[in-house]
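Working notes for the structure below.
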Amino acid sequence: MPLPAFADEMLLRQALTHRSYVNENPGMGEEDNERLEFLGDALLTFLCGEYLFADRQKLAEDEMTRRRAALVDEEQLAKFAIAIGLNSQMRLGKGAVREGGTTNPKLLSSTFEAFIGAYYLDCGSNIEPVRELVRSLFASVPDSILESRSNVDSKNRFQEWVQARIGPNPPRYQTHKAGGSDRTPIFVAIVFVNDKPYGEGRGHSKKEAEKAAAEDALGKLKKRGLL
């Protein structure tokens, strides 16, 4: 898929510029892509939710949530970046190159988000061209892949993140009944890592509430750029 043309080439240039490049070239007066990344992340979350809501299968809320997580996660956004050729145009400093450069999924996904933010601005804040682009990318991901990836248990994903980033101790879940009836009880779960709360969820069973808490924790990590 070809990269869309930009009216403002400097905006595209900024979207492709990683902070490491700016830090290593301070005299050039360049701006990195982090603000554009923030905007692109918000746009992708909205457009992905809209895309899934309009799906002819009329997916349930929990399935839409899981599929959205699969469509806008680091791995998939990195694939989208490569699909439109961003990997060959990224402007990286030596430090980022040492971290894998144009093959690093985190750098690729961040650049893709920045590109989406820049494209939206270049279109005069008209979301239609952006919607058309991202819908074609979302549609390129087979349902079978989405289903298999969305079914990965959120608790396992969160535990893997914790043990990779924080330490060997697994997350701890604190769950209690918070209302409802005997037939349809409501449980609330809070997930802790080293006694610090990371997420909260509700459900009609302890298992459902704990899964929702893990999904909440993963969502917060993604918003902070930690996932």
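Yeah, the Cβs are placed from backbone N, Cα and C, and that goes for glycine too.
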Which of these, E31, E34, E37, does TrEMBL list as part of the Mg(2+) site with S110, E113?
-> E37
E37, S110, E113 excluded, remaining Cβ within 8 Å of their centroid (Mg(2+)) = N33, E34, L36, F38, G40, D41, S109, T111, F112, A114, G117, G225
By a simple count, how many Cβ atoms lie within 10 Å of the Cβ of S110 (Mg(2+) binding site), its own Cβ left out?
-> 25
Report, in whole Å, the straight Cα-to-Cα distance of E113 (active site) from E37 (Mg(2+) binding site).
-> 5
